[in-house]
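Remarks on the structure that follows.
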Amino acid sequence: MSRNPFDDDYRPSAASSTMPVKSYTTMGHYSGEDEADYYEREIEKTLQESLDSTERSRRHLENSEKIGTSTAQQLLEQREKLENTEKNLDEIHRTTQMTQRNLNSLKSFFGGMFKNKFTKKPQEPTETPTVPQSKSASRLSETATNLSSGGGSATFSGPSGQRTLTESSRSAIKGTRWEAMDNQIDENLDMMSANLRNLQRLGADLGKEVDSQNEMLDRIQYKAERNDGIVRDQDKQMQKILGTGASTSQTTAESLTPSMDTSTKMSLMMKATSLWK
């Protein structure tokens with residue numbers, strides 16, 4: 001029969017007196033020394049995880065920065081090719097103007113041998129326009145050069161003053177290996193911040209350069225289509241001159257110089273043509 005343990009005459013049984021007293025503390029049966037070791041391991045585990053995480057993030061950002069710099073270099077090389085293409089198209093246009101002048105002279109020659117030599121000459125070909133210097137390309141080149149010469153930490157200027165731990169916590173770990181780990185974490189965070197600023201500036205410069213090159217592509221397309229139309233028209237003019245004017249010129253030359261051979265006639269025609277240039 002069970003007895004009330006609060007009775008004055010209650011005596012514990014032999015079995016109950018040998019049972020251990022249950023502990024309700026969070027550390028269970030740990031001693032004070034074991035508890036301190038436990039917290040030390042937890043602190044070091046947390047710091048190590050933070051250190052590893054910032055190291056990985058820093059490497060990823062540095063790699064992204066290198067990719068961005070490489071993209072900038074490729075974009076600048078592409079601009080150089082586009083500029084050369086535009087210059088060539090401008091030179092072709094200038095050549096077509098000279099060709100048109102010669103065609104007009106040929107038309108005048110075949111249309112009338114005695115046309116007034118003092119007739120106003122066709123307009124001189126305009127000078128080849130120069131491709132304007134791009135501000136976006138200059139800025140992008142400067143940014144890419146700075147990042148390439150300085151690496152991922154080109155703009156890193158030391159600790160920013162912001163710390164991951166409070167002053168009291170830093171004082172508690174001063175002189176321990178944890179202080180070195182915390183310092184490395186702070187340095188990684190500062191470098192990550194610098195990488196992010198570099199990427200932000202690089203991204204803005206890349207965007208402006210892409211917009212500028214898109215405008216250049218529109219100009220190139222217009223000039224290519226313009227030159228193609230002019231060349232086609234001049235080809236038709238030349239075919240017309242060769243089809244109708246050549247026979248008239250040949251008849252005139254034969255009537256004036258019946259004894260001339262073909263090469264002499266062609267030479268005479270070329271000299272006559274030069275008079276109207």
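One-based numbering along the chain as shown.
A Cβ is built for glycine as well, from the same backbone N, Cα and C atoms used for every other residue.
As stated in Swiss-Prot, the feature region 'Disordered' covers range 1-30 out of the listed 1-30, 211-240. Mean pLDDT of the predicted structure over the domain 't-SNARE coiled-coil homology 1' (44-106): 94. Secondary structure by DSSP for the region 'Disordered' (49-73): 25 helix, 0 strand, 0 coil.
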